[in-house]
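Here's what Swiss-Prot has on this protein:
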TOPO_DOM  1-10  topological domain 'Cytoplasmic'
TRANSMEM  11-31  transmembrane segment
TOPO_DOM  32-37  topological domain 'Extracellular'
TRANSMEM  38-58  transmembrane segment
TOPO_DOM  59-71  topological domain 'Cytoplasmic'
TRANSMEM  72-92  transmembrane segment
TOPO_DOM  93-116  topological domain 'Extracellular'
TRANSMEM  117-137  transmembrane segment
TRANSMEM  139-159  transmembrane segment
TOPO_DOM  160-163  topological domain 'Extracellular'
TRANSMEM  164-184  transmembrane segment
TOPO_DOM  185-201  topological domain 'Cytoplasmic'
TRANSMEM  202-222  transmembrane segment
TOPO_DOM  223-234  topological domain 'Extracellular'
TRANSMEM  235-255  transmembrane segment
TOPO_DOM  256-270  topological domain 'Cytoplasmic'
TRANSMEM  271-291  transmembrane segment
TOPO_DOM  292-298  topological domain 'Extracellular'
TRANSMEM  299-319  transmembrane segment
TOPO_DOM  320-340  topological domain 'Cytoplasmic'
Amino acid sequence: MRLLERARKEWFMVGIVVAIGAAKLEPSVGVNGGPLKPEITVSYIAVATIFFNSGLSLKTEELTSALVHLRLHLFIQIFTLAFFPAAIWLFLQLLSVTSINEWLLKGLQTVGCMPPPVSSAVILTKAVGGNEAAAIFNSAFGSFLGIVVTPVLLLLFLGSSSSVPFTSIFSQLFMTVVVPLVIGQIVRRYIKDWLERKKPPFGVVSSSVLLMIIYTTFCDTFSNPNIDLDKFSLILILFIIVSVQLSFMLLTFIFSTRNNSGFTPADTVAIIFCSTHKSLTLGIPMLKIVFAGHEHLSLISVPLLIYHPAQILLGSVLVPTIKSWMVSRQKGVKLTRPTV
């Protein structure tokens, strides 16, 4: 009985285990072109649902105030698209003297050059109770920015260049991010009183969508023949990726919690996730365009295929810890405020 109660309370963590297990048993169900059609249901419907859900749940004034938080936007975008790839490049200079496959290392560099994802950072920020409005803006803005910046970074660090279909990617992002968010805000204006009275489970909806994303991502990972590497290389790359993620999460936490940073605990949560997450849905198509016909494309893609599920899993596992820190920090701020 107590076990069932615990499982109900931790339903999301149980859901992650079930999703990964189901993906391992029958990955063909959730791969692109499979029965679930994730190229439509995830890339379009799931992402649109997340941002429509956010549009419904967020107060308009919260979105407006997030737009003018320039310091936060600059921090996230500079960290993601400048510091991250540069730091990875320096790290790879050390790893280049090891026996690790050079194309896997180049794949790690491509991870550093990728834009942030449009969904996972938003969902995790919402799950913690952080600054969701800031996460939405930076995920969307970073994705749009990455369409232009990422090919330039790949050219700079790897010497690879190709024409990217900016128009089609821009239109997909606009239709799945901007339009649902605006529609959600418009609908909210008409049912605001009902929303505040009933308090629908927006967090549960977002978390359920994330479970679907986790499931289809692992279906792709388990069914991908390109990940047929020796176990040592896979374990080593996985260890490096998790170490990089944890190090950068810690780094963003340290920078954003300094006394003179000007960031609230809720801002810090958005910064941690938005600064360290990288997009698979934008990343893989970009790699296929930029490295079209390259004989080592499969190896170059492996680190990103591992990084994406790893960031979702790591973020999901850390949600209770980060939430506990944020709540205690917010209580501390309230207690130290002078009473009038």
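Quick reminder: no glycine exception, Cβ is built from N, Cα and C everywhere.
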*Return the stretch with the most CB pairs under 8 A relative to the transmembrane segment (299-319), choosing among 11-31, 38-58, 139-159, 235-255.*
235-255
_Using a threshold of three or more Cβ pairs below 8 Å, and leaving out pairs closer than 6 in sequence, do the transmembrane segment (72-92) and the transmembrane segment (235-255) count as in contact?_
yes
*Contact call for the transmembrane segment (72-92) and the transmembrane segment (139-159): at least 3 Cβ pairs under 8 Å, seq gap 6+*: yes
*Look at every Cβ pair spanning the transmembrane segment (202-222) and the transmembrane segment (11-31), keep those 6 or more apart in sequence, and say whether at least 3 of them are under 8 Å.*
yes
*To the transmembrane segment (271-291), which of 11-31, 117-137, 139-159 is linked by the most Cβ pairs under 8 Å?*
117-137
*Tell me the residue counts in helix, strand and coil for the topological domain 'Cytoplasmic' (1-10), as DSSP assigns them.*
8 helix, 0 strand, 2 coil
*List the helix, strand and coil residue totals of the topological domain 'Extracellular' (93-116) as derived from DSSP.*
15 helix, 0 strand, 9 coil
*asked:* Within the same chain, where does the topological domain 'Cytoplasmic' (256-270) have neighbours whose Cβ lies under 8 angstroms from its own Cβ atoms, ignoring anything closer than 6 residues to its ends? I mean 6 or more beyond.
replied: 69, 71-72, 75-76, 121, 125, 128-132, 134-135, 138, 322, 325-326, 329-330, 333
*Mind checking which residues reach the topological domain 'Extracellular' (93-116)? Cβ under 8 Å, same chain, six or more beyond either end.*
76, 80-81, 84-85, 87, 138-139, 142-143, 145-147, 149-150, 153-154, 157-158, 229, 233, 236-237, 240-241, 244, 274-275, 277-279, 282-283, 286-287, 296, 299-304, 307
*What is the three-state DSSP composition of the topological domain 'Cytoplasmic' (256-270), stated as helix, strand and coil residue counts?*
7 helix, 0 strand, 8 coil
*asked:* Cβ under 8 Å, sequence separation of at least 6 from the ends of the topological domain 'Extracellular' (32-37): give me the contacting residues as numbers and ranges.
replied: 216, 219-220
